[in-house]
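Asks: This is the structure, below, for whatever I ask next.
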Amino acid sequence: MGKVYVFDHPLIQHKLTYIRDVKTGTKEFRELVDEVATLMAFEITRDLPLEEVNVETPVQMAKSNVIAGKKLGVVPILRAGLGMVDGILKLIPAAKVGHVGLYRDPETLKPVEYYVKLPSDVEEREFIVVDPMLATGGSAVEALNSLKKRGAKNIRFMCLIAAPEGVDEVQKHHPDVDIYIAALDEKLNEKGYIVPGLGDAGDRMFGTK
């Protein structure tokens with residue numbers, strides 16, 4: 001079973017408070033999401049492998065470490081996931097970026113894939129799928145399905161806020177995927193919103209409904 005990591009770093013929790021605040025405007029909301037994504041990327045990459053190299057300092061030759069050639073990819077779930085990409089790329093600028101677009105079928109209420117674009121070397125990369133919210137888990141499960149059926153073998157899922165129902169759904173369908181969360185909230189309400197949550201992340205990030 002994949003592990004669930006909840007980040008309690010003070011900076012993440014501080015910024016998350018303002019992300020939740022209904023008084024936070026679009027510009028500040030977007031900036032805060034970007035900043036938290038960077039902080040979470042720092043934590044999520046903690047186990048990247050290193051290799052020793054020789055480097056010439058102004059004083060003498062020295063042994064030091066670099067990341068051991070790991071190929072990484074970031075895949076936002078459209079549209080709200082886009083707001084987390086730049087924050088991650090600040091730390092991992094060489095990562096390739098793919099996209100998964102989903103919409104909810106008005107009759108079945110199930111997510112339907114309408115757009116997928118991934119790096120050509122998908123089988124060789126470790127992917128971080130990002131979406132600010134993990135509510136019912138339907139979109140996350142479908143996005144992970146999309147990556148796996150195209151050859152992805154090593155995937156992590158990262159979100160700002162999750163409901164227990166969403167975590168359970170992802171673990172049920174993708175027990176090999178680790179989940180990284182800034183906050184695990186109480187539950188979903190009758191409309192499928194995370195409680196207490198932060199509202200609709202996409203609407204707040206882009207100023208549109």
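Cβ atoms are placed via backbone N, Cα and C, with glycine included.
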Asks: Swiss-Prot records R104, D131, P132, M133, L134, A135, T136, G137, G138, S139, D200 as 5-phospho-alpha-D-ribose 1-diphosphate-binding residues. Which of R79, R150 is assigned to the same site?
Replies: R79
Asks: Please report how many Å separate the Cα atom of D200 (uracil binding site) from that of M133 (5-phospho-alpha-D-ribose 1-diphosphate binding site), as a whole number.
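Replies: That comes out at 9 Å between the alpha carbons.
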Asks: Quick check on the binding-site residues: of G137, G199, whose CB has the lowest count of neighbouring CB atoms inside 10 Å?
Replies: G199
Asks: Of the binding-site residues D131, M133, A135, G137, S139, which sits closest to I194 (uracil binding site) by Cα distance?
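Replies: Its closest listed neighbour, by Cα, is A135.
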Asks: Per residue, counting other C-beta atoms within 10 angstroms of the C-beta, which of the binding-site residues D131, D200 reaches the highest number?
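Replies: Counting every other Cβ within 10 Å of each candidate, the maximum falls on D131.
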